[in-house]
Structures are given as C-alpha cells and as structure tokens.
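Checked Swiss-Prot, it gives:
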type    : residues                       : note
BINDING : Cys71, Cys73, Cys86, Cys89     : Zn(2+) 1 binding site
BINDING : Asp462, Asp464, Asp466         : Mg(2+) binding site
BINDING : Cys810, Cys884, Cys891, Cys894 : Zn(2+) 2 binding site
Amino acid sequence: MNQEVMNLFNPQAPAQTFDSIRISLASPEKILSWSYGEIKKPETINYRTFKPERDGLFCARIFGPIKDYECLCGKYKRMKYKGVICEKCGVEVTLSRVRRERMGHIELAAPVAHIWFLKSLPSRIGTLLDMTLKDIERVLYFENYIVTEPGLTALKQNQLLSEEEYMMAVDEYGEDSFTAMIGAEAIHHLLASMELEKIAGDLRSELASTTSDLKQKKLLKRLKVVENFLESGNKPEWMVMKIIPVIPPDLRPLVPLDGGRFATSDLNDLYRRVINRNNRLKRLIELKAPGIIIRNEKRMLQEAVDALFDNGRRGRVITGANKRPLKSLSDMLKGKQGRFRQNLLGKRVDYSGRSVIVTGPELKLHQCGLPKKMALELFKPFIYARLDAKGYSSTVKQAKKLVEKEKPEVWDILDEVIREHPVLLNRAPTLHRLGIQAFEPILIEGKAIQLHPLVCTAFNADFDGDQMAVHVPLSLEAQLEARVLMMSTNNILHPASGAPIIVPSQDMVLGLYYLSIMNQNEPGEGMVFADMGELQHALETKVVTLHSKIKGRYKTVDENGNPVSMIYETTPGRMIIGELLPKNHNVPFDICNQELTKKNISKMIDTVYRHCGQKETVIFCDRIMALGFSHACKAGISFGKDDMVIPETKAKLIAETEALAKEYEQQYNDGLITQGEKYNKVVDAWAKCSERVADEMMKRIKAIEFDDSGRQKQMNSIYMMSHSGARGSPAQMRQLAGMRGLMARPDGSIIETPIISNFKEGLTVMEYFNSTHGARKGLADTALKTANSGYLTRRLVDVAQDCIVVTPDCGTDKGLTMQPIVDAGQVVASIGQRVLGRTALDDVVNPATGEVIVQAGRLIDERDVEAIEAAGIQTVRIRSALTCEVRTGVCAVCYGRDLARGTPVNIGEAVGVIAAQSIGEPGTQLTMRTFHMGGTAQVVDQSFLEASFEGTVKIRNRNVVRNSDGHLVVMGRNMAVLILDEAGAERASHKVTYGSRIFVDDGDKVKRGQRIAEWDPYTRPMLTEVEGTVAFEDLVDGISVQETTDESTGITKREVIDWRSTPRGSDLKPAITILDSKGKVAKLARGGDARFLLSVETVLSVDSGAKVRPGDVVARIPTESARTKDITGGLPRVAELFEARRPKDHAIIAEIDGTVRFGRDYKNKRRIIIEPHDSTLEPVEYLIPKGKPFHLQDGDVIEKGDFILDGNPAPHDILAIKGVEALASYLVNEIQEVYRLQGVLINDKHIEVIVRQMLQKVEITAQGDSTYIPGDHVDQVEFDEVNDRLVEEGKKPAEGQPVLLGITKASLQTPSFISAASFQETTRVLTEAAVAGKIDTLQGLKENVIVGRLIPAGTGGAMAQIRRIARSRDDLILDERRKESGVEMANPAIADMAGQPAE
C-alpha cells in the first residue's frame, strides 16, 4: 500500500524494453542534445555554504536540485511547485535523482582529437588519413604544419612542413597561394573534407591491381575502416571534438568529510583542468595574444582532454595531490576493478551471510544446518509478513520490535517460514557449478553452518576453518529452480566426467574397507547363515567376527520383481553392506562382495544410480556413509610408529648402489665416460635402488602374518589406509619407511646425491638442506599455479559462454571417428569410454555376426558399450559438437548425454560454460613445471611393437627387403601392419617406421603379445636399396668428418661434423654413394641415383669400399630422444594448445601426396620440393635448416600429412592440411594426455565444445560477388547466410577456409562487443565497435548479465520462448478483435509503434 502511495507522487518511468544496443561516435549535435547546459567555471561547491556554484561542475541550474522538490534559494519548496523553474536561482523544482542522469557540456575554444581514435592501435585517424601516428602527433601537438590545399605550388597534399619550411614556402609562393594548417583544426579539416565513397572505390580498384602482399594488407586495413564509416553513418570529423560532454554530478560525487576536507572523484580534477585551460585559451584568443602562446595553450588543452578520457595513454600520467595517478574515464571501465567486471558481472547481493562450516554427519544429503541467529536475520521479510498475517503485529515497525526482542512466537514462525524453503550454500573459489548447491535448512544452535560430509568433494571443502556463504532465493521461481536444479540430491554425478561425485572419502572409505576385509582362520569360518537375523545374533555372541569366511543367503529380486535368494561365500561385514543395497536384479551382491576400496565404492554407487534411479541412490549413499563412519570408529584403525616397517635389505641395497656410484665416478676420472653420462648413470642407479627399497618395504607391509593359534593377524593399518584409498599413497609410505630418494632442484634437474634416510630414521643436516631445495620451489609453484589456472578458466568461460543447446537435432551427416587411445602398447582409453553417452552417426555393426548393435541416431549407453567392446569393434563414428550444423550453439543430438544427469541433454543447457568449468576446475591439480628428463629415470621411447589381438597379419603398402643378416627390414615410409580377425575385419593397425626389423609377413598368424617389429628409438637409419660398393663423396677428415673413440668400449665411430664452419669446406656436399659393378653410381628402382646426403651428427656405419646389400644400414642419424628434450607439461601445455600457439621448433607437414626431390640449397637451408602425383597441382617447396635431423631421401614417396621435419605440429597446419577432424583429434588427445597424467577424468566432448568455439571464423579466399575482401576474417554463421543469399540471387558465392583462433583471440572477436569489452583490452574493443557502429543483439550469456536481464539459457531461455509465443498470440487475438469490430486503426504507424521495442 505504502509503495503505491509513494508511486503516486514519485512516478518512475517504466523500464524501456530493448532488443539490442548500439554504440557509435557522438556528433557535436548529439552531445548538445544530451546536455542541460554549458559548464563555464571550474568551481565545484562553495566551501562555506556547501551549495554548488552557479555554472560550475555541480551547478544546480544545469543538473537539477540538491534536495527533492526544493530550489536552491529555498523560494519554492514542496510537491505542489513540481516543474516550476525558480526565477531567482534558475533551478527546476523536481527530484534530486535527476542529478544522476542530466549531462552538461563544455564548448571547447579549439578542437581536440579524441585520444582513443588517435592512440588506440591501430590508430583510426592515422589509417583514414593514411598517415603515420608520429606525423599526426607532430601536427596535433603543434610541431609541424600540414598542407591542406597545395593550390598551384610544388607542395603536395598532406605534406608536413616545419616552422622554417613553412616560412620559406610563404616567402616563396605568397601567403594565399596555398593553405597549411596546424593543430587539431588541421586534422578536423582533413577528416571533414574526405570523400569516403570515392576513397573506397579507389582502394578497391587498387586492391585488384596490386600484387605485393604488404601493400595488400595495408590497403585492406584502410578499406575496412573506410567501409566501417560508410556503413555506420559515422562521420570521420567526429573523431575530433569541438564539444565534450560532462557526466552527471552524482556519478562523480564530492563528499564533505569531517574536519572541513572533501573526498572527490578524480574526474572532477580532470574536468577542472580542462575548464581552466579552455577558459584561459578563450581569454588569450580574445586578447589576440601572440601565436606561440595560443599554440601552447591549445596543446595544453589537448593534453588535458587526453588525460580526462584516458590518463597515461600519452605522455606523463597526470597525478593528484598524493602522487597517485588520477582515474580517467577509461580506467573506470578497464580491468578487474572497472565497471564491467566489478559491478556488472559480479555484484554483491542482499539476503546473504557467511560463517565457518563444521561437519554434520547426522544430516540427510539434502539438508544443511543453519544457525538460528543467521536464519532469523536472513528470513526477516518472510517473518514480518507471517507475523502480520497471523495478527501478532499490525505494522512492520511492531514486527521489527518483536523480532528484535526474539519473542517465542518469532521462533515458531521462523520454523514455519524455513520449512521447505531451500537456501544456497557457496564455497569460494567456485571453480565449477557444484561450488553452489541448494539445501533445506535445519535450525541449529551455535554459530557454525553444518555441512553434509558427502558434498565436501564437490565443494572441495574441509573443516579446518573453511567458511561458506549462504544465499536465500526469494521469489517462488528462484525457490523452484533451487529445489529442482540445484538441490544436492540432484547433483550426484560430476558434470566433467559423469562419474559419481557423492562418494564416501577418508574415514567412511576406511570403515567400509575394514568391514569388507576377509581374513583366514577367524572364529566361525565355514558357517552357513540363512538370514541377517542369525548373522547378527552370531556377531553379538562373538561366534563369528566381521571378517570370518562364511556362507550367507542374500535375498534380491529377478527381472520381474519376484523375490529370489542366492548363497554366496562372503563375510559378515560384506553381508551388512549387502543389506543396504537396493533390491534390483541389475545390482548383484557381487559388487559389494569384494574388498571395498574407494574405486569399488564409486563403481557401486554408479551401478545403483544407473539402475535404481536417483532417490534410491541418495538413500543408499546416506546409509553407507553412516555405516562407514560407525565402523571406522569401531575398528579404531590408527597410525603407529611401528606400522612403518623399514626393510632389512635396505642397508645392503644402498651399499651396492654406493659401490656402483663410486665405480662410475672412477670411470669418469679415468676419462672413460663424460660428465653427462656419469650423471645419468648415477641418477639411474639411485632411482633403481629407491624403487627396490620401496618394493621391499611394500612387500613387508603387505605381508599376511599369522599368530600362534594360526589366526591371521590384523592387517597393517598404514597399508589399509593407503590401499583403501582413504589417505596416503605408496609414494608417501616410501618416504616414511623406505628412502626418500632423489630430490629435484628448483629448475627441475635432479641432484645426484639422494636422500638415503627416511622420515622414521630422520634426515642428516645435509640431506635436510637438499630436500628443502626442491620443496620450496613446490610451494612457490602452488601459488603461481592458482593464478594461472584461474586465468585459464576465465579465458575458457569467455570463449564458450554463448554455446548453448538450442535445438533437438540439426540432422547433420558429419561426425568424428572414435578409436581407442593406445600408448606404448597400453590401452589408455578404451573405445567404450570414448563413445559412452554419445550419439551414433552410422549403425554400429558387429563384424562377426553382422547384427546392428546400435542404430544410427541413438545414444550409446552402458549396455551398448559392453556389446561394442565384446564385439571387438575398433572404430565408431559418432556425432559431435564440432561437426554440429546449428548456426548458434549446438543441438542436443550432437552433444549427446548430459553427464551430470545421465540423460540426453536438455535444450537451453549452457554446455559451453560447463565445458569451460570442467577443463578449468582441475587446473590447480596440474603441474606448472617444464620437465627436464634426466637419465632413464623417466620414460624410454617405445622401441617395439606387439600384437594387441590375435589374428592374421596383413601388410598395407608392403615394402620390405632381407638384409645381410637375413632379417626383414622395412623400406617403405608409410607401411602399416594390420591384424585381422577370423571374419577378416580389421582389429588393429600399426604404422611401422622406416628401418624397423619386422618379424612377421603377410598371412602369418599372431598371438596376443607377440613381437611384430622393433627398432632403435635413438637413431634413424639410412638404408641402401641396391646392392653394390660404398664410396664416399666430400667426406674430408677434420673438415666434414671426424673420428671419435668411445673410451669405455674402445670402438671408434665416424661422425659428420659441421663442414660449413671452415672456409675450405663451405662448398662441400658430404654424401655416401653406392657404386654398381661397373664403378658407376647405381640407379634406384624408382629412378635417381643411390646417393645419401648427410647432415651434421650423422654416424657412418660402413667404410669406403664395403659391399652392401639392400636393407643394410649405411649411416645413422641420432634423434633427440625424449630424455634430452624439455617437455612442456601440465598447465602451460594446456594453455599453449588452447591458445593455438605455434610450438618453438614445430614440425613441417607435407601438404600434398607426392615424390620428394631435393632442390638447390639456399644459404644454410636445404630446399625440398614435393612433386605431386596429381598433375593438376603445383609442386610445393619447403626450406629446412641444415643440420636438423632429417630423414627423407631423394625420390621418397610421401603422403599428405606426413612429417617432413619432426617436432610438435602446429595446430594451424593440421587444420589446413588434414582438416577439422584431424585437428580435433590432435587437440583432444594432447590435452587429455596432460590431464590423464594427473589422473583427472574429463570427457572429450568438453574439449570439443571449446575447439568448436575456436573454429568459428572463416578466412575469405575468394570474394565472389560478395562485399567481402580476401583475407577478411568473417563469422562462419554470417558467411553461410551471405552465401545462401548470393546463391538464391544466382550470383557467385564467396569462398573461405576455416581459421583456428586461440581462445583469447576468439573471445575478443565475438560478435558481441559488450562481451568482448568486459573480457580484455576494453578500450580497443570499444573503439573498434564505435567506429563500426556495431549493434549488440544480446545473444550470449555475458551481455545479458551486464544489461541485467535473464540469461538466454536454462529457464531464462524457456522464458524468452514463452514470451515470444505469448506476444504472437496477443497479436493474433488483437487482429481477430479488430476484424470483428470492423475498425481498422486510423494510422498504421501507431500500430507499428505499439509492438516495437525502443532502440
């Protein structure tokens, strides 16, 4: 009621509805139309009376009254004079709120260039005038004149003249024969006199005729700016301002502090500066002061305006009284503290509180304990309303009093209010959506919030002093969403991987594990029990223990729900757990009839969730939590010093290794091995020793021991903790009871003296010092990691935020091919894991029987996966977000299963944000360091190939010869070994590298694990293909080849050295040739000579004059093995991939199929030409630095996509050469590899969604009949639309190819300028948008949050749809009514306006 009365006297304009926001340059007329008056004086307020000065920065006549409905002099007060303008002080009588919206202006005495369009690179003014920024600044800051009208003189248009040159020109040509200007007036004149249409035409014709790349780029840049101005209707001269707007005074307040001082916004200082200089300049012009003084004043005015708009962009930063830089208008928007990120994207909210959390094990999963005091404060409005409704109070004031006194009826009402009203709990940092969940509050005494133990994993919370925030959803809709979508019981699965996240941890795991142990020779072993009653009785009377081996009957149901019972060999403990399992034929007793480690418990919960649904799972989880806690307590498993068993053999192993290290030291001193080799060998030896000590320790700790009566002793408690997955790991146990082993220095290299002691024995001072070295680095790393990981998440969210599920099915026939990922013979990710929850693109057919396992278009679920794996299928084609053809967002079928729900994804799900969170959230678990591989302590490259299935061998592109030793050697560069099953279907295919020895041939049968081929991982062989005699060319001792003797073995080897470093060797071309029986260079079968060009570091394997047969090695090139390279791992690697950076020494990839030819060498590069098999294509040539290990020979056949030079491929190259699918699989596999190393599960589809966002732009290659310019980057959606239109009109469509953008670049290039500006480089984004007159259609999530609307995802998307339907229905009804009454609206324009949202 009160509100309505207020509204009568205080009418608020209804909020305008709008569909889009446009940004453009403001013309002087526009600025004047906004303004309520000119500000002429720099004064702010009178310091005695605190009244604003007239015509000053806070003038009440211009901006409005200070008090509501009261003029400044006090002549008119009260509501009745509303709208009167006081004749004494000139103030309009109205609300003081208008001081937040009324603007003023300052008329400048001289024009001033807007710094954003001048200095924000690329400079718009510079591009338009085709001048360099330096030259423009010279004119602007009064150093040089610029010729604006050359007339008939020899001067050129836009030529710069210094003061002397200008004087000379005036003397020479006379003053009126030409015009030269200086300062912003000159720039304004030039911009105003530009004929944009003509310039655009000229540029286009010039573009068509030019051939140079650089020139083309420059013209393109200029044409783009010109077109922007033409399309947006902005005028270039508006970039130079004659009038500047002044923002409303309440947005730059001046607040009196006590003690007569004032706190003021920096903007007031900046405006004051501008007004002072402007007034001085006006006075100087009136006084007709000398030119030099006026010029100086104009320059100072330009600098003052620059500082107001963007302080520090040019010249010195202007500082305030306390030497602090003043905050200009640009700074208000920029960065984390700017308007966008501080106030628009992150707001503080009412009805929230925070407190410390404690554990609440007796809560149900959907509950949380809320302190009474907190609840009373949070739910105040609800309590007031209820007190009023029940008649305890008649006014809000009374209700307030009652609540303050905490009367008993208030507590009763609080109980009512809180019932079924969920609250949101949030723990910072909120890294993924499970960081905010809804719970039903239970009132508790005390001041700490109680949290259910099972949700701790999702919040990443522990109880060592963590705090959490509580928020109250107020509206009914918000409560509904909280209950249906955010309730903790609805978030059982992890959105990143689909694995359960409500899983017992720590104590609960320990209790369940203890309960499920089976010991030998326990009392009551071999007894049989009919039901739980008997068993309980036996346990209570201690006839059996929890761990006795018994037989028990387990009751469950069959498919039709009829009760059945089965007898299992089990333990009483497992029977107790089995009692809690929901009765379902798909949930057998076997899943808990085993040692329950954390993994097995997780599997158990997953099975229950899949087959029994959510409600059963929640009940089950709560029950096993209680069971776990109670048995962990009863078991009393503790951590004792004597549980850490130090192996007896430790001393012996260490002594052996010390002897070895001494021996290596001796060999080094004798000069047999190098320093590096010694280091590697010593480190290796200690690493092995450490491993063996650890193995011995584990053996001792694991050992099962029996007491005198033959009963099995209690298991080692540390082992139980570690093995169950409750706490601790073998690595930590090794440090406690084995030896600490090798330590790393901060740079990642390994210190060669290990720490021999363990923590139980204690470290010596030296050892302690060594161990602090690497440990401190670890701490520093952790701090950096958090920031880096957060920044990665922010970039990911920004690039993916507008990816939403918009339609049920796009009907595309494109997709990806999924295969299992195999690494060094191990299957890292099975085909089942990769296709689970995806939609099949084609029918998945069992190769043996021909039956269809999954029909095309169906979701592949757990059952299908079992069938697929059983049938041994190796490739499945699936739909993917990457290939989805929806214009904005993705479709539900391409996305597949919503991992957090286990059902097909809903329309409106913000899959982009979920993907970004899933990838970013584990970021803090990844490492930061670059690995330096030392010795074989880490990985040895794979050097052999084993059959992973049994079957028949088939060799594709067979090219093998038998060498002198009788081995089959691979001579082809793209030979593959396939293994076929009985039905002839391909089970596996392996590429075999050139020079490998191969042990099988076409048609051979192989068993699983049989060796197929092997090769030397550290060298690349050069093989001869013809028989003959070896001859050397240009191999001169000491210049191009040198002999080195390996002293430990006494073997000499000859290697090629850098011959170009000596003047004598500069034109040598070292090579090995094979001569035939006539002494001529032998010819190869495919043409060309048998000549091998050698690169630096190649080791010769044959002597001159030796006889060779095909397949023999003539030389070896040592490769950089994995152990000498620095491997970028962890977070930096993920960031590098998402940013699509080119790696340091990236691979060179062949663009076409063809034959390799060597061209003329070029300085220190080798020229390689690929001659295509397809005669319509042009040959492609590559330049490769000499001395890089390089393994192709003249005449080799090469396939598109093969590596010419090894290294990490650049993602852009993969996209250009092999296409989108290959790029996707490369990025997905590389990123997954980093996460897999840390044991983090992330579903492929999340990475695919991000890659989709990186591939949204098309580079125009041919313009056709479109207005595009070749080289333009255009949005895929827009490109398709333009082409569709052109095709309809029968014109030639534009051509383009997809471009890969890194995530930062992609975020900055989103169609929405609001979203881009709030991400990074705010000034640049806004400058660009203003020049182009961009329109933001508010499609993404971020823009809508910023303008304060519901986001177009989830329920917000549904609401928008409902509104659209409602609007169209209203229109229909109105039309009907109009027709019935037969009255047409008089003016059709009015009818249009009625339904039109304002711009």
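Glycine is treated like the rest: Cβ placed from N, Cα and C.
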Between C-alpha atoms, which of these binding-site residues comes nearest to Cys89 (Zn(2+) 1 binding site): Asp462, Asp464, Asp466, Cys891, Cys894?
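Closest by Cα distance to Cys89 (Zn(2+) 1 binding site) among the binding-site residues Asp462, Asp464, Asp466, Cys891, Cys894: Asp466.
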I'd like to confirm something. Which of the binding-site residues, Asp462, Asp464, Asp466, has a Cα closest to the Cα of Cys894 (Zn(2+) 2 binding site)?
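For Cys894 (Zn(2+) 2 binding site), the closest Cα among Asp462, Asp464, Asp466 is found at Asp462.
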Measuring CA to CA, name the entry from the binding-site residues Cys71, Cys73, Cys86, Asp462, Asp464 that ends up nearest Cys810 (Zn(2+) 2 binding site).
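Ranked by Cα distance from Cys810 (Zn(2+) 2 binding site), first place goes to Asp462.
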Under DSSP, is Cys894 (Zn(2+) 2 binding site) helix, strand or coil?
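Helix, per DSSP.
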Which ones in the same chain are close to Cys86 (Zn(2+) 1 binding site), with CB under 8 Å and 6+ residues apart in sequence?
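Those within reach of Cys86 (Zn(2+) 1 binding site), by Cβ under 8 Å and sequence separation of 6 or more, are Cys71, Leu72, Cys73, Lys75, Tyr76, Glu92, Val93.
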Name them in sequence order: residues not among Cys810, Cys884, Cys891, Cys894 whose Cβ is within 8 Å of the mean position of the Cβ atoms defining the Zn(2+) 2 site.
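After dropping the recorded site residues, what remains is Thr807, Asp809, Thr812, Arg879, Ala881, Thr883, Glu885, Val886, Val890, Ala892, Val893, Tyr895.
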If you skip the near sequence neighbours and keep only those at least six away, which residues in the chain come within under 8 angstroms of Asp462 (Mg(2+) binding site), Cβ to Cβ?
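Non-local contacts for Asp462 (Mg(2+) binding site): Cys456.
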Using Cα coordinates, what distance in whole Å links Asp464 (Mg(2+) binding site) and Cys891 (Zn(2+) 2 binding site)?
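The Cα atom of Asp464 (Mg(2+) binding site) is 44 Å away from the Cα atom of Cys891 (Zn(2+) 2 binding site).
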Rank the binding-site residues Cys810, Cys884, Cys894 by the number of other Cβ atoms within 10 Å of each Cβ and report the first-ranked residue.
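In terms of Cβ crowding, the pick is Cys894.
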Using other CB atoms within 10 angstroms as the count, which residue among the binding-site residues Asp464, Asp466 scores least?
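Asp464, out of the binding-site residues Asp464, Asp466, has the fewest neighbouring Cβ atoms within 10 Å.
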For a quick check of understanding: among the binding-site residues Cys71, Cys73, Cys89, Cys891, which residue's Cβ has the most other Cβ atoms within 10 Å?
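Of the binding-site residues Cys71, Cys73, Cys89, Cys891, the highest Cβ count within 10 Å belongs to Cys71.
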Given Asp466 (Mg(2+) binding site) and Cys891 (Zn(2+) 2 binding site), what distance in Å do their CA atoms have, once rounded to a whole number?
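The separation of the Cα atoms works out to 40 Å.
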